[in-house]
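A.B. asks: TrEMBL lists these features:
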ACT_SITE  His187  active site, proton acceptor
BINDING   Asp42, Asn105, Val129, Gly130, Asn131  NAD(+) binding site
BINDING   Arg92, Arg98, Asn131, Arg162  substrate binding site
DOMAIN    6-152  domain 'Lactate/malate dehydrogenase N-terminal'
DOMAIN    156-330  domain 'Lactate/malate dehydrogenase C-terminal'
Amino acid sequence: MSEPIRVLVTGAAGQIAYSLLYSIGNGSVFGKDQPIILVLLDITPMMGVLDGVLMELQDCALPLLKDVIATDKEDVAFKDLDVAILVGSMPRRDGMERKDLLKANVKIFKCQGAALEKYAKKSVKVIVVGNPANTNCLTAAKSAPSIPKENFSCLTRLDHNRAKAQIALKLGVTSDDVKNVIIWGNHSSTQYPDVSHAKVKLQGKEVGVYDALKDDSWLKGEFITTVQQRGAAVIKARKLSSAMSAAKAICDHVRDIWFGTPEGEFVSMGIISDGNSYGVPDDLLYSFPVTIKNKTWKIVEGLTINDFSREKMDLTAKELAEEKETAFEFLSSA
């Protein structure tokens with residue numbers, strides 16, 4: 001058995017965490033021989049609920065869980081972390097402007113970035129899920145200057161998985177027959193789900209998705225809007241936001257950071273855009289196609305970008321630049 005790793009989940013009394021914690025505890029994310037100390041953080045009014053979550057984790061009797069710590073204190077939560085999964089954020093309320101949402105979250109992620117800086121290991125891997133995820137992630141990274149910014153990523157894997165699933169459904173194959181879809185940009189309705197480099201396995205052969213589907217108008221229209229608006233569709237149907245699928249995507253994202261991506265496959269995650277070759281401005285937290293090896297990501301190079309893609313990639317970059325500007329105005333005054 002290896003040494004236990006310390007894994008923090010914030011917003012731990014919430015519904016995404018409720019779907020996530022069992023998978024972390026049972027070895028599906030960090031492997032079946034990796035013991036875990038699981039740290040659960042939430043706000044003080046949620047501590048009663050969090051105690052219930054703690055009881056249930058104890059009652060799962062999971063052999064890999066060496067300890068579970070439930071707290072509302074940042075100095076306890078962020079101490080000596082190997083992995084931080086930042087799920088908790090201020091949710092959007094009815095009649096709330098995106099700007100107000102940004103403002104509330106800048107404050108939260110500035111504090112959590114500062115706590116990472118002060119208490120966590122410098123090698124900590126930080127995954128931001130709470131929305132607006134890209135800008136929250138950038139805020140946290142900026143607030144933890146001594147942790148490499150490459151260690152910060154935000155979740156666009158749910159969008160990635162949604163795109164894979166739509167293609168698989170349309171072609172009547174399973175999702176693992178589809179690979180190399182890309183989510184470019186922001187985890188918002190301006191994201192660009194791109195399948196121009198994606199492949200699908202049909203009758204044992206790998207075919208480009210455009211060739212396989214022969215339906216360009218669907219791929220350039222309804223497919224994109226379905227993926228962009230899937231979160232809203234789930235809320236409309238369930239009256240609650242995506243939790244099971246979000247938790248599954250977090251597991252996929254973190255497992256790939258930990259163990260790497262399969263040969264010949266790439267995945268989507270929001271990362272710092274510095275030095276990219278796709279014309280995305282530096283210093284944005286933007287979703288790119290990446291491969292991962294030795295817990296280090298690399299942007300996939302050399303993909304051709306047509307005019308259709310270019311326009312969509314620029315649009316989502318523009319939104320991110322505007323979000324960043326708004327967030328940083330609040331940051332300097334916060």
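Including glycine, each Cβ sits where the backbone N, Cα and C put it.
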A.B. asks: For Asp42 (NAD(+) binding site), which residues of its chain lie six or more apart in sequence with Cβ-Cβ distance below 8 Å?
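C.D. replies: Spatial neighbours, sequence-distant, of Asp42 (NAD(+) binding site): Thr10, Gly11, Ala12, Ala13, Gly14, Val49, Leu50, Ala70, Asp72, Gly88.
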A.B. asks: Would you pick out, from the binding-site residues Val129, Arg162, the residue whose Cβ has the largest number of other Cβ atoms within 10 Å?
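C.D. replies: Of the binding-site residues Val129, Arg162, the most buried by Cβ count within 10 Å is Val129.
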A.B. asks: Can you give me the Cα-Cα distance between Asn105 (NAD(+) binding site) and Arg92 (substrate binding site) in Å, rounded to a whole number?
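C.D. replies: Between the alpha carbons of Asn105 (NAD(+) binding site) and Arg92 (substrate binding site) there are 10 Å.
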A.B. asks: As a test of reading the model: what is the averaged pLDDT for the domain 'Lactate/malate dehydrogenase N-terminal' (6-152)?
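C.D. replies: Taking every residue of the domain 'Lactate/malate dehydrogenase N-terminal' (6-152) together, the mean pLDDT is 96.
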A.B. asks: Taking the residues Arg92, Arg98, Asn131, Arg162, which the record names as binding substrate, find the longest CA to CA distance and state it in Å to the nearest whole number.
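C.D. replies: If we measure all Cα pairs in Arg92, Arg98, Asn131, Arg162, the largest is 24 Å.
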A.B. asks: Validating a neighbour-count step here. Other CB atoms within 10 A of the CB of Asn131 (NAD(+) binding site): how many?
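C.D. replies: Counting Cβ neighbours of Asn131 (NAD(+) binding site) within 10 Å gives 22.
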A.B. asks: Quick check on the recorded positions Arg92, Arg98, His187: which one has the highest count of other Cβ atoms within 10 Å of its Cβ?
C.D. replies: His187
